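J.: One structure is given below, represented as structure tokens, and several questions about it will come after.
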Number of protein chains: 2
Amino acid sequence: MKLTVTASLSFMMAFTLSGQLIAATRSEPIEPIKPVQSINLGMVELGKKLYFDPRLSKSGFISCNSCHNLSMGGTDNLTSSIGHNWQQGPINAPTVLNSSMNVAQFWDGRAADLQAQAGGPIANPGEMASSHTLAVDVLQSIPEYVMEFEQVFGSDKITIDEVTQTIAEFEKTLVTPNSRFDKWLLGDNSAINQEELAGYNLFKNSGCTACHNGAAVGGRSFQKMGLVAPYQTTNTAEGLSAVTGKDADRMKFKVPTLRNVALTYPYFHDGAAGTLGEAVEIMGQIQLGKTFSDTENAQIVAFLKTLTGEQPSFPLPILPPSNENTPKPTPFN
Amino acid sequence: MKLTVTASLSFMMAFTLSGQLIAATRSEPIEPIKPVQSINLGMVELGKKLYFDPRLSKSGFISCNSCHNLSMGGTDNLTSSIGHNWQQGPINAPTVLNSSMNVAQFWDGRAADLQAQAGGPIANPGEMASSHTLAVDVLQSIPEYVMEFEQVFGSDKITIDEVTQTIAEFEKTLVTPNSRFDKWLLGDNSAINQEELAGYNLFKNSGCTACHNGAAVGGRSFQKMGLVAPYQTTNTAEGLSAVTGKDADRMKFKVPTLRNVALTYPYFHDGAAGTLGEAVEIMGQIQLGKTFSDTENAQIVAFLKTLTGEQPSFPLPILPPSNENTPKPTPFN
């Protein structure tokens with residue numbers, strides 16, 4: 001009984017001591033990121049190692065983290081990525097952060113979920129250039145991995161489905177809560193300043209939240225790039241039509257999350273916009289038919305910077321070594 | 001007084017409770033790794049970020065950690081490394097672990113210390129392919145880096161000497177104490193088994209410790225590769241003679257550390273030995289004129305595996321973002 005009373009008093013004191021806090025979450029088209037629920041920890045720890053393991057590539061040099069670098073907002077900050085044999089990727093690498101909230105994966109949504117996505121780059125000749133068979137053979141040759149898979153899945157026979165499932169489970173933990181904007185959404189009035197608030201109101205009232213909404217501030221739908229004016233690009237990606245075969249889906253791309261957008265430059269599927277100011281200007285023109293003034297643009301950019309959340313923090317994983325039975329990487333042939 | 005007595009009692013009890021412990025450190029040609037002393041922590045934290053920052057390369061893709069991967073024993077586990085534009089490196093990447101104990105850096109010792117080494121790959125056209133000027137310009141454009149350099153060095157003008165000094169300071173922390181062999185050296189008889197002990201005695205009595213000695217089990221001298229029989233290789237590196245110009249120094253290479261050798265495959269300056277067994281066999285033949293039996297070889301390999309220490313553990317660093325003033329990476333031109 002005594003313990004209950006103490007706890008209640010502490011709870012009330014928290015709100016008494018900080019005049020800035022209000023009790024209720026704001027009702028807005030953007031929602032705070034919620035803590036991850038229902039995670040298989042053994043799978044996460046295994047998937048974390050695999051995410052950092054370059055032996056899933058033919059060269060032994062490229063890991064998931066090479067292009068979705070968790071030191072850099074879950075991206076490579078390049079216009080398009082570098083793949084096996086220094087091949088230039090066709091499209092800008094989207095951030096892995098908060099990607100579990102996406103309606104589908106890849107810009108064209110060709111993977112239904114994170115697990116389906118994870119298998120793609122491993123076997124893509126322009127990316128990691130391995131094969132699912134080779135990747136599994138590498139892991140199966142390493143006793144520490146075999147033991148860990150057995151712990152998680154109850155079998156010492158590793159499958160590619162298990163590999164991608166563990167990577168996806170790790171990726172589900174890569175959420176970035178507690179951005180300043182989330183704190184504001186949760187009732188802390190002092191978390192964002194007047195310029196940032198003006199930027200958010202402009203963002204909302206101009207129609208940006210029609211697509212950039214929800215907890216991920218995007219990621220929920222496919223939209224045409226160039227809704228009111230055509231988008232000029234030399235990039236040949238055609239978006240959703242490559243998946244559906246429908247001409248009406250040409251240049252429809254998954255709306256990217258704006259979470260951590262200050263970290264995930266350059267912008268758009270072709271990586272053509274180098275700065276947030278440039279991205280806001282172009283979006284206004286081709287999606288909304290609006291030309292933001294310099295002041296308005298700066299306000300929206302200020303708002304966007306409040307969407308940077310706590311980056312995932314964990315010790316760099318230590319990988320189990322290969323042995324004489326492990327297929328050797330072949331970077332140069 | 002009372003405190004002193006208590007401490008002494010605890011000390012005695014530790015030895016009383018564990019019958020395996022003896023009081024004295026063994027006197028052997030190999031010494032335990034000592035904890036790092038006298039480290040500038042601000043410099044270490046900054047250097048850690050720089051070590052992981054691919055923006056020190058022209059492509060924005062290659063960091064120190066790409067080839068000296070701290071998830072993989074401080075190496076890339078490749079025969080020779082992959083550099084800018086997928087160029088093949090001329091030599092096997094040595095481990096960064098315990099490299100502060102080396103008499104000099106690089107296989108040919110052309111850098112006197114870690115700081116001198118750190119500047120090499122950044123500006124090497126076959127490795128990171130940037131320049132010292134460009135690397136500094138990138139960092140100078142990023143306010144978070146400028147602030148951190150100012151904190152550490154007292155100036156907001158970044159220099160390449162400061163960059164390499166901080167990377168070197170971080171690298172000094174990359175020691176791997178508490179291997180099973182170190183525990184045995186420190187008096188724990190149960191830390192290694194009979195086969196491993198037999199392997200060590202064979203290692204010592206065969207003459208391996210003539211070169212592989214000290215805390216790093218190597219790294220202290222340059223020795224001719226092929227002392228009693230010529231080493232067959234297609235690799236064109238000539239070793240120390242490239243630095244001294246002396247013909248007598250041809251094929252003299254820095255004796256590599258054997259710390260964590262189970263993790264730092266493949267072996268030798270040309271990366272030609274894929275396994276420890278192969279490396280032991282060749283070393284016996286060309287350095288000692290000895291042919292180890294299969295049993296002896298296995299014993300030495302078993303001993304070598306006891307040299308794996310605690311790997312450095314720290315949270316993956318989060319890098320400050322670039323901005324519109326930051327020179328853009330140019331991977332494809």
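Cβ atoms here come from the backbone N, Cα and C positions, even for glycine.
I grabbed these lines from TrEMBL:
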{"type": "SIGNAL", "residues": "B:1-23", "note": "signal peptide"}
{"type": "DOMAIN", "residues": "B:42-150", "note": "domain 'Cytochrome c'"}
{"type": "BINDING", "residues": "B:CYS64, B:CYS67, B:HIS68, B:HIS84", "note": "heme c 1 binding site"}
{"type": "DOMAIN", "residues": "B:194-308", "note": "domain 'Cytochrome c'"}
{"type": "BINDING", "residues": "B:CYS208, B:CYS211, B:HIS212, B:MET283", "note": "heme c 2 binding site"}
{"type": "REGION", "residues": "B:314-333", "note": "region 'Disordered'"}
J.: Within 10 Å of B:CYS211 (heme c 2 binding site) by C-alpha distance: pick out those among the binding-site residues B:CYS64, B:CYS67, B:HIS68, B:HIS84, and say none if nothing qualifies.
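T.: The binding-site residues close to B:CYS211 (heme c 2 binding site) (Cα within 10 Å) - there are none.
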J.: Among the binding-site residues listed here (B:CYS64, B:CYS67, B:HIS68, B:HIS84), which has the Cα closest to the Cα of B:HIS212 (heme c 2 binding site)?
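T.: With Cα distances computed to B:HIS212 (heme c 2 binding site), the winner among B:CYS64, B:CYS67, B:HIS68, B:HIS84 is B:HIS68.
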J.: Within the domain 'Cytochrome c' (B:194-308) only, compute the mean pLDDT.
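T.: Residues in the domain 'Cytochrome c' (B:194-308) carry a mean pLDDT of 97 in this prediction.
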J.: Counting other Cβ atoms within 10 Å, pick out the least crowded of the binding-site residues B:HIS68, B:HIS84, B:HIS212.
T.: B:HIS84
J.: Same-chain Cβ contacts of the region 'Disordered' (B:314-333) under 8 Å, 6 or more residues past its ends?
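T.: Sequence-remote neighbours of the region 'Disordered' (B:314-333) are 48-49, 52-55, 57-61, 134, 137-138, 141-145.
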J.: How many angstrom lie between the most widely spaced Cα atoms of the heme c 1 binders B:CYS64, B:CYS67, B:HIS68, B:HIS84?
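T.: The span, Cα to Cα at its widest, is 15 Å.
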J.: Using the CB centroid of B:CYS208, B:CYS211, B:HIS212, B:MET283 as the heme c 2 site centre, which other residues of the same chain sit with their CB within 8 A?
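T.: Going along the sequence, the neighbours appear as B:PHE203, B:GLY207, B:THR209, B:ALA210, B:GLY218, B:VAL255, B:LEU258, B:GLN287.
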J.: Rank the binding-site residues B:CYS64, B:CYS67, B:CYS208, B:CYS211, B:MET283 by how many other Cβ atoms lie within 10 Å of each Cβ and give me the one with the fewest.
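T.: Each of the binding-site residues B:CYS64, B:CYS67, B:CYS208, B:CYS211, B:MET283 was scored by Cβ atoms within 10 Å; lowest is B:CYS211.
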J.: Widest Cα span across the heme c 2 binders B:CYS208, B:CYS211, B:HIS212, B:MET283, in Å?
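T.: Result: 12 Å between the two most distant Cα atoms.
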J.: Can you give me the Cα-Cα distance between B:CYS208 (heme c 2 binding site) and B:HIS84 (heme c 1 binding site) in Å, rounded to a whole number?
T.: 37
J.: Cα of B:HIS68 (heme c 1 binding site) to Cα of B:MET283 (heme c 2 binding site): how many Å, rounded?
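T.: So the alpha carbons of B:HIS68 (heme c 1 binding site) and B:MET283 (heme c 2 binding site) sit roughly 24 Å from each other.
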J.: In angstrom units, rounded to an integer, how far apart are the Cα atoms of B:CYS64 (heme c 1 binding site) and B:MET283 (heme c 2 binding site)?
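T.: Roughly 30 Å, rounded to the nearest whole number.
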J.: What is the interatomic distance between the Cα atoms of B:MET283 (heme c 2 binding site) and B:HIS84 (heme c 1 binding site), given in whole Å?
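T.: Cα of B:MET283 (heme c 2 binding site) to Cα of B:HIS84 (heme c 1 binding site) measures 33 Å after rounding.
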